[in-house]
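Peer 1: The structure follows.
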Amino acid sequence: MDKLVIAGKAYSSRLLVGTGKYRDFDETRTAVDASGAEIITVAIRRTNLGQNPEEPSLLDVLPPSEYTLLPNTAGCYTVEDAVRTLRLARELLDGHTLVKLEVLGDPKTLYPNIVETLKAAEILIKEGFQVMVYTSDDPIAARQLEEIGCVAIMPLASLIGSGMGILNPWNLQIIIENAKVPVIVDAGVGTASDAAIAMELGCDGVLMNTAIAAAQNPVLMASAMKKAVEAGREAYLAGRMPKKLYSASPSSPVEGVIGNMSGK
């Protein structure tokens, strides 16, 4: 069976989802279930995982026994903040080491700061973390992050929360062709066709949050995204027909057609 393998663990779903921007935890759980996702990313700086005992905890609706939680460093702009946040996550989740690193460079665009990301990744990997890393669609940056030991490369399709879809498929294709670890599109997906295109390009998975949470019907969109990722993956494995401006061979046979029969 075709599985997504990250850091030695196999997953049936290639759709990863976030937990922010929903109306409440109940809607979060319902949408996650509809998506079929097994890996759920959580913003440690914005989500209660037990650090505030007086408030409801996300772990009550998305327990680690049912999902692989992926703590992330959303909102971090420095190496120090990112590393501190993931150390806290490891404490809150009883030694959990699979994490998503993002070090942002600009509060308006939320574009990644690659220099700081490389520094933070190196520190975290030395401390035993398995780092899935948010990055730009720069193939050189992606290669450098893989070389220092990141277990998955997560290039943006377009800016976080923009819903603009895949703006540079050529760079993504270069990253995919060169990578020896999973490549998961992270950020910019707006609708199901974007997810399908990412998978058709050969991405190993797609991570999204706003595309589902900001939809008019988040649960229905989660279901659509599940199907899109599955369809895109199957299309990639099947191998599409080559593109041609003109086709000299019709899809239906002409032999035996009235008017083409010999002797008539």
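Counting starts with 1 at the first residue shown.
Every residue gets a Cβ built from N, Cα and C, even glycine.
I grabbed these lines from Swiss-Prot:
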type: ACT_SITE; residues: LYS100; note: active site, schiff-base intermediate with DXP
type: BINDING; residues: GLY161, ALA187, GLY188, ASN209, THR210; note: 1-deoxy-D-xylulose 5-phosphate binding site
Peer 1: If I take the alpha carbons of ALA187 (1-deoxy-D-xylulose 5-phosphate binding site) and LYS100 (active site, schiff-base intermediate with DXP), what is the distance between them in whole Å?
Peer 2: 13
Peer 1: What does DSSP call GLY188 (1-deoxy-D-xylulose 5-phosphate binding site) in the simple three-state scheme?
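Peer 2: Coil, per DSSP.
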Peer 1: Please name the residue among the binding-site residues GLY161, GLY188 whose C-beta has the most neighbouring C-beta atoms within 10 angstroms.
Peer 2: GLY188
Peer 1: Going by DSSP, is LYS100 (active site, schiff-base intermediate with DXP) part of a helix, a strand, or coil?
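Peer 2: It is in a strand.
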Peer 1: Taking the Cβ of ASN209 (1-deoxy-D-xylulose 5-phosphate binding site) as reference, which residues of that chain separated by at least 6 in sequence fall under 8 Å from it?
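Peer 2: Non-local contacts for ASN209 (1-deoxy-D-xylulose 5-phosphate binding site): VAL17, GLY18, THR19, GLY20, LYS21, THR41.
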Peer 1: Rounding to the nearest whole angstrom, report the longest C-alpha distance spanning GLY161, ALA187, GLY188, ASN209, THR210, listed for 1-deoxy-D-xylulose 5-phosphate.
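Peer 2: Output for 1-deoxy-D-xylulose 5-phosphate binders GLY161, ALA187, GLY188, ASN209, THR210: max Cα distance 10 Å.
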Peer 1: Cα-Cα, whole number of Å: GLY188 (1-deoxy-D-xylulose 5-phosphate binding site) versus LYS100 (active site, schiff-base intermediate with DXP)?
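Peer 2: Computed Cα spacing between GLY188 (1-deoxy-D-xylulose 5-phosphate binding site) and LYS100 (active site, schiff-base intermediate with DXP) is 17 Å.
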